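*Asks:* Checked Swiss-Prot, it gives:
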SIGNAL    1-24  signal peptide
REPEAT    75-96  repeat 'LRR 1'
REPEAT    122-142  repeat 'LRR 3'
REPEAT    146-167  repeat 'LRR 4'
REPEAT    168-189  repeat 'LRR 5'
REPEAT    193-214  repeat 'LRR 6'
REPEAT    216-237  repeat 'LRR 7'
REPEAT    240-261  repeat 'LRR 8'
REPEAT    264-285  repeat 'LRR 9'
REPEAT    336-357  repeat 'LRR 12'
REPEAT    360-382  repeat 'LRR 13'
REPEAT    387-408  repeat 'LRR 14'
REPEAT    411-432  repeat 'LRR 15'
DOMAIN    444-495  domain 'LRRCT'
DOMAIN    499-598  domain 'Ig-like C2-type 1'
DOMAIN    603-692  domain 'Ig-like C2-type 2'
Amino acid sequence: MSAPSLRARAAGLGLLLCAVLGRAGRSDSGGRGELGQPSGVAAERPCPTTCRCLGDLLDCSRKRLARLPEPLPSWVARLDLSHNRLSFIKASSMSHLQSLREVKLNNNELETIPNLGPVSANITLLSLAGNRIVEILPEHLKEFQSLETLDLSSNNISELQTAFPALQLKYLYLNSNRVTSMEPGYFDNLANTLLVLKLNRNRISAIPPKMFKLPQLQHLELNRNKIKNVDGLTFQGLGALKSLKMQRNGVTKLMDGAFWGLSNMEILQLDHNNLTEITKGWLYGLLMLQELHLSQNAINRISPDAWEFCQKLSELDLTFNHLSRLDDSSFLGLSLLNTLHIGNNRVSYIADCAFRGLSSLKTLDLKNNEISWTIEDMNGAFSGLDKLRRLILQGNRIRSITKKAFTGLDALEHLDLSDNAIMSLQGNAFSQMKKLQQLHLNTSSLLCDCQLKWLPQWVAENNFQSFVNASCAHPQLLKGRSIFAVSPDGFVCDDFPKPQITVQPETQSAIKGSNLSFICSAASSSDSPMTFAWKKDNELLHDAEMENYAHLRAQGGEVMEYTTILRLREVEFASEGKYQCVISNHFGSSYSVKAKLTVNMLPSFTKTPMDLTIRAGAMARLECAAVGHPAPQIAWQKDGGTDFPAARERRMHVMPEDDVFFIVDVKIEDIGVYSCTAQNSAGSISANATLTVLETPSFLRPLLDRTVTKGETAVLQCIAGGSPPPKLNWTKDDSPLVVTERHFFAAGNQLLIIVDSDVSDAGKYTCEMSNTLGTERGNVRLSVIPTPTCDSPQMTAPSLDDDGWATVGVVIIAVVCCVVGTSLVWVVIIYHTRRRNEDCSITNTDETNLPADIPSYLSSQGTLADRQDGYVSSESGSHHQFVTSSGAGFFLPQHDSSGTCHIDNSSEADVEAATDLFLCPFLGSTGPMYLKGNVYGSDPFETYHTGCSPDPRTVLMDHYEPSYIKKKECYPCSHPSEESCERSFSNISWPSHVRKLLNTSYSHNEGPGMKNLCLNKSSLDFSANPEPASVASSNSFMGTFGKALRRPHLDAYSSFGQPSDCQPRAFYLKAHSSPDLDSGSEEDGKERTDFQEENHICTFKQTLENYRTPNFQSYDLDT
């Protein structure tokens, strides 16, 4: 029974005794009527001879009465007829007792509740305990309208069925009956008044739902019944209950919410039951609980959040249970706890922070447990108990006390270490407990060496001799002597009988399923038997596989070294923890450091990313998950790197708690191989998934109608986009296109080229593109106009119409020249150029081989890539060709086995630019213009007729040729005669039809738009010995497929007039770039070095100054 309840009961008994004595005093002051002495009061209040009168109490108990004594005095207010043999009460015998209030009929032979007649209405207390009453009938009680206390204990009542009548009852005692069942609603009529209900010592095995609808009830006792399970909401309706006692019921299970509704309950006693666990489920709703008594149960576990709903708890009794460990969450939330009793358990493990939250704790009882290591090895096990006053560690098998064992107990006043065979205490182990008033210590096992010298003096200084009974066990000379009887000089260190750790176990990592060992060694000078133990996470390993060895440290020595090996086989994740060896003998125990074991497992995929094909604009979802130990980290890569287009555009999402990788609004550039990598300390694995994006066909360039003159080449564009790349098909006038030898297709049918167009070619051309996602169609209208008649004078400036006719001529001449003479011309030029510059060129190398095989017009954005140049291996493999890009990609001329040059269908795309009047910046008459390293058309002489090159080529250029990048200069010289120039050209073995073309071209040099110019002869060299070489395709100055023109920078303020004589002009040719037509302007006025005249040959300079229009600026073109 708790102290508060005892105090309350004692106070009640004291008040009752005072009242009785007061009434007795008043009775005695008026005379002793029961003794027959004369008195006025006694004469008025006669007392039966068989009874005793004490105030208003008539005590007729223990008289073995079979019937009531008559007559009963009318003044009686309290009548005690207990312990008699009454079996029947006449109502008439009490009818005159108008003052009667209390009747006690305990321990009689009544079988029913007696009828007391008219006085029943005045009775407030009726005690019928210890009778033979078998049932409670409402009609027997309905007359007791003033009844407040009814005691029916120790009767034969077995059922509570018929509801109680509506009485003013406050206290109802039904203890020690035979009640086995209760009818719900049995006490409902007492709901407004009943305060205390006791049903102890019955045979109740279950409490029906809604049994207690007693909102005023404050105390309910159900001790010593047979209640095994308590269901949820069992006590609903007892909102005012202050205490509930269910001791000795054999309760094994408390369901969640078992005490819900008892929000005002302060005391819960569940002692002597069979509970095994404390959980927050059955404590739910006990918000005001202050005392919880759970002693004498079988509790072995406290759940981490058990105290969530009862944080006002001030006293907790867990004595005599089966607790073996106190975790850091065992008492979490009990900041108001004042007293904690955990004595007589099996506690052998206390976490470092087990008591950290008990900031208000004043009494901690841990007696009779097994927590020796807490004091011996742990540092600050009681830290956080700032207000602790009383600590009981009696009977815990403590053998040694370290210096920091009681760290944090600054306010401790009472420390009980009795019944512990303590062998050693480190110096100043109690020094920080400044307020200590009592230290209880009794041991006869002390190792009285130099380390114990401080203890007797400290005990004497603090006047603890009356509480300390300590004697020595070693050395043999001091055995059995009290420490207070040993002089300070008697505490010496001649040996070390207590084991000392010499080899500490080491921290290790292991792969799951492998075997490993921990090794620990200690030395001792004693021959006392050694015991070895291993702990994991401060808990003893009972079934550990150990190997123990002993050997002398040195020959002839007296020091023994002991080694223990802990073997762990097929380690699992549960094997992880901190391992510690404990080596002990009769003189104490030594604890090693704690070695940590980490168990790793290689990652393995539980979810592997799968190849995904998805439409553009949709959301891509890639899953990847892996398991391992430690948990692996998941990382993603795209195409072997971390450059995600979706990440740059913030379209990529990776959920940290999820296994999914998202890309929203998928685009073509998201196509690639995505790699998922799972990595931990044991290793890494990866898995790949290919993302394919599908896009419906679309036109990357608008379809433009074309108008050409009869005989010209017509180029129709249909630049297609989509994924997978769409297939193209051309139709004419909604009918299949009849393909003739004049029809050519290029770039995957994206270009339709019609050579020598005829009026019959005019019409509506439909481009149909299709892939797996759909089909798209577009129309292009081709108009062919008849050949106009134009008589333009030779010496007049050409108009835009003249230039159109010139374009037609260029196309015709380009085709003829390419088929007949191009191969021979370039072979001759390249061969002699290489021989001329072989000595001054830089060393060739074959190590540079840049790819030039990606057509830029196929980019997914639908725009052309930047100009790309590169080198490709020549056919012979000994040299490289310099290759410049055109709008349609990189092009090389194709030769058949006879050396004949064929038209490259891909390069026909540039024909369009050549035939577009607004894309040709070079107007006026032209002449042959050659410079080594410059860029020219596919036919060396097309420029003569057109003023611009449809498909430029690099002339006489070796790879990395110095002359390509060096400064070219122009020198004044005497004008050679027409014959000398003609003779210079005639030295070359031209085909007859080419020679005719050259002669015709040369005759134009007399026009007003031409000036003779002499160049360094090294710039051009013709030889009759051809050498097989490849000629690289280069970029045009004109844009293709809408690409920006690569025009030279023009001088907006260039002069209209040019000097008639040749002024020195210099310009630079940069690698992989077009010639800068005005670059020489920056070098005007500087000196040049003249070459000898014999090194000069004849060339021409084109001027456009006489034909400047508002749309085209005039400038000089040096080539």
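Here the Cβ of each residue, glycine as well, is placed from N, Cα and C on the backbone.
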*Asks:* Let's see if you can do this one: DSSP helix, strand and coil counts over the repeat 'LRR 9' (264-285), in that order.
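*Replies:* Its residues divide into 0 helix, 5 strand, 17 coil.
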*Asks:* May I ask for the residues of the chain that lie six or more residues beyond the repeat 'LRR 6' (193-214) and have a Cβ under 8 Å from a Cβ within it?
*Replies:* 148, 153, 167-187, 220-231, 233-238, 245
*Asks:* Per DSSP, how many helix, strand and coil residues does the domain 'LRRCT' (444-495) have?
*Replies:* 23 helix, 12 strand, 17 coil
*Asks:* Find the average pLDDT over the repeat 'LRR 15' (411-432) in the predicted model and report it.
*Replies:* 90
*Asks:* The repeat 'LRR 5' (168-189): which same-chain residues, six or more beyond its ends, come within Cβ distance under 8 Å?
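*Replies:* Residues 129, 145-162, 195-205, 207-214, 221 contact the repeat 'LRR 5' (168-189) from elsewhere in the chain.
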